[in-house]
Amino acid sequence: MKKGLSSVNIVALTFGFAFLYLPIVLLVIYSFNDSQLVTVWGGFSTRWYVALLHNEQLLEAAWVTVRLGLISATLATVLGTLAAVTLTRMTRFPGRTLFSGMVYAPLVMPEVITGLSLLLLFVAIGLDRGFLTLLLAHVTFSMCFVAVVVQSRLITFDKSLEEAAMDLGCPPFKTFLVVTLPIILPAIVSGWMLAFTLSIDDLVISQFTTGPSATTLPMRIYSSVRLGVKPEINAVCTIMIAIVTIGVIAASVATKRAESERVKAERAAAAGR
Amino acid sequence: MALKPAQKALGPIRRSFAPWLDPAAVPLIRFENVVKRFGDFTAVDDVSIDIHAREFFALLGPSGCGKTTLMRMLAGFEEPTSGRITLAGQDLVGVPPYRRPVNMMFQSYALFPHMSVEQNVAFGLKQDKLPKAEIEARVKEMLRLVKLEPFASRKPHQLSGGQRQRVALARSLAKRPKVLLLDEPLGALDKKLREETQFELMDLQMELGLTFLIVTHDQEEAMTVADRIAVMNHGKLVQVATPGEIYEQPSCRYVAGFIGDINLFEAEVAASAGGLVTLKSDEVGATFSAAGEASPGASVALAVRPEKVRISIDPPPADATNVLKGEVWDIAYLGDWTVFLVKAENSEKIVRVSRANVMRSETQPIAWDDKVHVWFAPDAGVLLTS
């Protein structure tokens with residue numbers, strides 16, 4: 001086999017990466033642009049980051065987004081986990097097929113429709129649009145993602161572990177808390193992270209369901225871009241990219257470390273030490 | 001495995017242990033006409049078994065015969081469709097698994113992966129809310145019993161298969177249950193370790209004075225460990241007896257064929273007198289005489305174990321009975337035994353003969369295609385009517 005990369009491979013890689021990351025790199029570079037104009041380079045500066053700190057509107061929007069993400073992801077995780085447990089454990093109850101279909105409907109439903117129908121609902125029951133309606137909407141669409149992740153873990157879960165716990169005198173609910181939950185915790189955590197990401201990222205459904213009292217960061221960014229891109233937006237986006245990158249790297253390092261420790265332990269056990 | 005003096009002392013107890021023969025003995029566990037259906041499928045079909053205290057009882061059968069379902073009903077994971085299960089006089093039907101005084105060792109071991117060996121063993125004791133010091137003492141005792149003290153703080157994935165099996169055993173014994181249920185406990189171990197563990201299980205059961213109920217599809221395992229064996233097939237109980245009886249006195253063709261190897265000669269009863277039956281077998285074109293009684297005209301099977309059939313190239317002694325001539329079809333040399341497959345003259349019947357290799361070498365070894373005589377005594381075979 002030939003060593004190294006052929007010229008075709010190099011070209012393909014270059015174009016691939018450029019396509020994926022060039023826009024992001026440009027955005028990061030221009031966030032340090034001294035010029036007022038987004039597309040003209042006027043020297044290096046961090047003035048937009050400083051300006052950010054004084055932009056109350058953006059800070060307020062960021063705070064709403066984070067709060068919304070944390071609360072909605074947590075609620076969605078609780079509900080999604082319960083749905084997953086019900087669907088995997090109770091194989092027969094009236095309306096199971098309907099329930100299973102309904103849980104996954106938001107996965108394939110166009111966001112515009114979800115958003116519009118939620119808006120109609122809130123109007124119909126006379127709920128004032130604001131943080132609460134935003135929260136309800138986010139829980140609604142992110143809960144099904146949690147259910148999918150947790151359910152796929154529960155399907156491979158060895159049921160005899162729960163039976164063993166009950167056999168040793170542990171009642172069913174406590175068994176769920178001390179045996180099932182700790183074992184499926186990684187899936188629940190990744191479900192939560194998925195829900196959180198979806199929540200801070202959402203624009204369409206938020207637009208439909210919010211009121212003047214609560215504006216999220218994506219909404220703020222979107223509306224300010226319509227009035228012309230300010231370098232401040234680049235700075236906000238750069239910070240968001242940095243947070244996401246750090247999160248992804250930390251998660252993959254943690255997974256790799258856990259994996260290598262597991263392999264080492266298994267080798268030691270096989271060698272009989 | 002080296003025999004310890006303490007184990008020697010258990011010999012007389014084992015020898016005289018047979019509470020099932022005592023009509024006054026009260027069984028510890030009673031299955032009474034237990035039926036379990038899953039939809040249209042009948043997993044357990046009208047089974048009644050009595051199991052006595054301190055007995056090592058085996059449920060034996062092929063996979064899907066209902067043995068595991070029967071055990072799971074005793075553990076409380078399944079409820080019988082009809083019938084009663086009692087333990088020490090108490091009706092168990094409707095009692096949830098976490099309130100039953102039985103513990104189970106699972107086929108997959110079902111060790112909690114997020115807990116250490118120590119925490120696994122302590123789990124059941126914690127559910128009983130025992131004082132901390134007592135839990136610690138009992139866990140130590142259990143780990144000593146299964147020789148796992150140095151591994152107390154390890155997680156299950158850091159153990160070998162044999163060690164995991166021991167943790168599972170220690171965990172299920174920690175609560176000192178009235179009955180220990182073992183679901184294919186040694187299935188995942190290699191042959192040598194399995195044999196060792198079988199003897200250890202027997203000694204443990206004796207030392208602790210517990211009642212063990214084991215489910216297995218491995219007849220050798222059941223024969224080794226159990227005081228009595230219940231053979232099951234298609235959800236029905238076929239025979240309950242000691243290993244010796246099961247082997248030498250099988251109740252029907254199914255049991256005879258399931259346990260060990262056997263030659264079955266289909267025949268018709270020609271005459272029966274003085275405890276001796278004359279059989280005419282069209283299958284091999286021969287007449288047999290067998291000990292027993294049967295009504296003339298009935299079709300029966302004469303079951304003869306391979307080791308009870310003699311084989312030689314020279315003609316058998318003049319007083320030999322049930323002689324068949326044949327040709328050596330195949331030979332399997334197993335070291336301690338040699339198995340000969342002999343094709344009977346003028347028929348398609350293959351007779352299985354096994355012979356212990358008592359001598360290191362033979363002057364006239366039997367080889368492929370040799371013309372041989374095979375014969376067996378009238379009391380070597382068992383008459384089977386069903």
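Quick reminder: no glycine exception, Cβ is built from N, Cα and C everywhere.
Computed from a predicted structure; not experimentally measured.
As written in TrEMBL, here are the features:
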- A:62-254: domain 'ABC transmembrane type-1' (DOMAIN)
- A:12-32: transmembrane segment (TRANSMEM)
- A:68-90: transmembrane segment (TRANSMEM)
- A:102-125: transmembrane segment (TRANSMEM)
- A:131-155: transmembrane segment (TRANSMEM)
- A:176-200: transmembrane segment (TRANSMEM)
- A:233-254: transmembrane segment (TRANSMEM)
Segment-segment contact (the transmembrane segment (A:12-32); the transmembrane segment (A:233-254)) at 3 or more Cβ pairs under 8 Å: yes
Residue numbers, six or more beyond the limits of the transmembrane segment (A:176-200), whose CB comes under 8 Å of its CB atoms: 65-66, 68-70, 72-74, 76-77, 80-81, 85, 138, 141-143, 145-147, 149-150, 152-154, 157, 161-162, 165, 170, 216-218, 247, 251
Which of A:102-125, A:131-155, A:233-254 contacts the transmembrane segment (A:68-90) most, counting Cβ pairs under 8 Å: A:131-155
Long-range environment of the transmembrane segment (A:233-254) - Cβ separation under 8 angstroms, sequence gap at least 6: 24, 27-28, 30-31, 33, 38, 48-49, 51-52, 58, 62, 193, 217, 221, 224-225
